[in-house]
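The structure appears below as structure tokens.
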Amino acid sequence: MEGKEEDVRLGANKFSERQPIGTAAPSQDKDYKEPPPAPLFEPGELRSWSFYRAGIAEFMATFLFLYITILTVMGVVKSKSKCSTVGIQGIAWAFGGMIFALVYCTAGISGGHINPAVTFGLLLARKLSLTRALFYMVMQCLGAICGAGVVKGFQKGIYESNGGGANVVAPGYTKGDGLGAEIIGTFVLVYTVFSATDAKRNARDSHVPILAPLPIGFAVFLVHLATIPITGTGINPARSLGAAIIYDKDHAWDDQWIFWVGPFIGAALAAFYHQIVIRAIPFKSRP
């Protein structure tokens, strides 16, 4: 018995614990395949039905996104008592929940971008061609305009008297504050998109039953909680443009540049951070 106990003790100490708790088991073999960079221009896409189907999916998703979220905002701001409505938390849930649902529905068709800033970040990371990126952005903006337009069609007077869901920098904050909030908020969103769709992470954590749309939608929810009091939370140029065009008041256009420059800078920083700092893809040796 003493010999067996000694064997057990030696066996227990023979191999040290190297894998941090909570992560998948290590593997010496590369169990994932890094997608090749997308070409800058891909003319063949223009002859493919899947290309146009993806654009239509982006249009419909952004249309539904604006319809539900702007309608929720109108329901909150028109009420005399915020306690009788869903409040700011409800608005944040409407934005985050819709992103979760719509990314889940469209990810297999278009990738579920629903946001020109997300498309821009993925373009910089060579995840899609410039041709497709521009098409997506146009369809996203058109969908946003139509979504906000339908909300205005319900009750035009209430819509126009309550801000139309347009993004503006709130009183007490400078334009620099608004720009900074949009940059950081979009960074959080796009960084989450990169992490949730990372091929290496998906392979390593394949045993964890988490849908990619879930962390993306939750990131949108959290960013809205933080920045609704500052800018109403843009982090999506199509959403900001659609609301501004349908609302069409001067003060909404005064700050419109913030809701394009900020998200695009945030998306670029997120793409740089994930691809170069986290994944170090440009420095990896080629076989």
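Including glycine, each Cβ sits where the backbone N, Cα and C put it.
Per TrEMBL, the features are:
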- 1-37: region 'Disordered' (REGION)
- 56-78: transmembrane segment (TRANSMEM)
- 90-113: transmembrane segment (TRANSMEM)
- 133-151: transmembrane segment (TRANSMEM)
- 210-230: transmembrane segment (TRANSMEM)
- 257-278: transmembrane segment (TRANSMEM)
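Under the criterion of 3 or more C-beta pairs below 8 Å, with sequence separation of 6 or more, the transmembrane segment (56-78) and the transmembrane segment (210-230) do not qualify as touching, having fewer than 3 such pairs. When each of 90-113, 210-230, 257-278 is scored by its Cβ pairs under 8 Å to the transmembrane segment (133-151), the top-ranked stretch turns out to be 90-113.
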